[in-house]
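Working notes, beginning with the structure itself.
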């Protein structure tokens, strides 16, 4: 019952009884040793569909994303997002990292035996710990300390690919510029932009600008004309030496908020480069990499979002109603499933309330083509008896202590306290949407940190 109610909003009890999506190992809250033996069986088609539907609902997705197939070389936006993912994950669950790594390695070994490809979505299977530097001169790009600081206020991070198909330098009245456009219509309703950046890679400039300081400016396109330059609004400017190499970052937060509220005004961005004396120069000659450059140096946009309180309250209310309806319709199925689990593990039921290990695998759902990371995560669950006397290790509430005493006097009328999570952690999931944009989203209350009697 407590698996069903508290962990993953009602479905992990089903996952546990199905065995294929989770690795189960004996061990409690105080165990230092992580057991690496996992029991699996194949899911039936209807079981897989039910689990997929429920997890997609938890992730807030109306359907399974189907992004375009990635190329052989990883592109810049997903690589940048991997750095942010590492930074966010290291903050969330550092104490569970050892178990997660072991479980992932066990799953990877099992996947190799089944013939899974080494890197199903084109990105590194083992994600290295991120390094933070103010400016990187390497490829792939690395998230800076400035970017990771944005994560503290963000629930979701989303990258956007450039939609301008022609990699062309435009010239009108002796002014050179390059255009970029990004589709922000896929942003979920109720998300507010807390920060947004445009990123473009700079190689060494043409030799004739060797001793020049180049000023690079980014503009919002306000209105376009056929016979003259567009009306522009200056967003940000950067200065770089001709020999400088690395990622240039421009603040476009104001424009992004405007585009989210008024999508019809999204006419894109213009990028211009000029010398110190104000002479406009070809953007490519300035060393700025466009569509013809390597995938790992492609320009992209990234935005940080935070859900409004109104949205959070409405989501909580909807989930509460959904869980109530689900519990009414499936109470008989849940009880039969959990009784079979109890029969399998009767001795475990008699142990005191504690945390047990549970690994949920996205890969066994066949989602490795759109979920970049993680392949799965250590969810854990709470199970065990809350019997008198309740000692300090059971993290019992005062109410649970009183309920235990009353249960001793009236066992037929008052049940024992329940073994349930007392602390829960969030997880981060990095995935593609249907437009191949990369989204990093934080999901709260997904990992059990500690258990107690309630």
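Every residue, even glycine, has its Cβ placed from backbone N, Cα and C.
On a predicted model such as this, the values are computed, not experimentally measured, just so you know.
Copied over from Swiss-Prot, here are the features:
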type	residues	note
SIGNAL	1-30	signal peptide
CARBOHYD	211	N-linked glycosylation site
REGION	318-343	region 'Disordered'
COMPBIAS	326-340	compositional bias 'Low complexity'
CARBOHYD	327	N-linked glycosylation site
CARBOHYD	345	N-linked glycosylation site
DISULFID	353-419	disulfide bond
DISULFID	382-451	disulfide bond
DISULFID	386-453	disulfide bond
CARBOHYD	395	N-linked glycosylation site
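DSSP assigns residue 353 (disulfide bond) to coil in the three-state reduction, outside any helix or strand. Taking every protein chain shown into account, 211, 395 are the glycosylation sites, and of these the Cβ with the most other Cβ atoms within 10 Å belongs to 395.
If you check the recorded positions 211, 353, 395 against residue 453 (disulfide bond), the ones with a Cα inside 10 Å of its Cα are 353, 395. The DSSP secondary structure for residue 386 (disulfide bond) is coil. Sorting the disulfide-bonded residues 353, 382 by the number of other Cβ atoms within 10 Å puts 353 first. You'll find the Cα of residue 353 (disulfide bond) roughly 9 Å from the Cα of residue 395 (N-linked glycosylation site).
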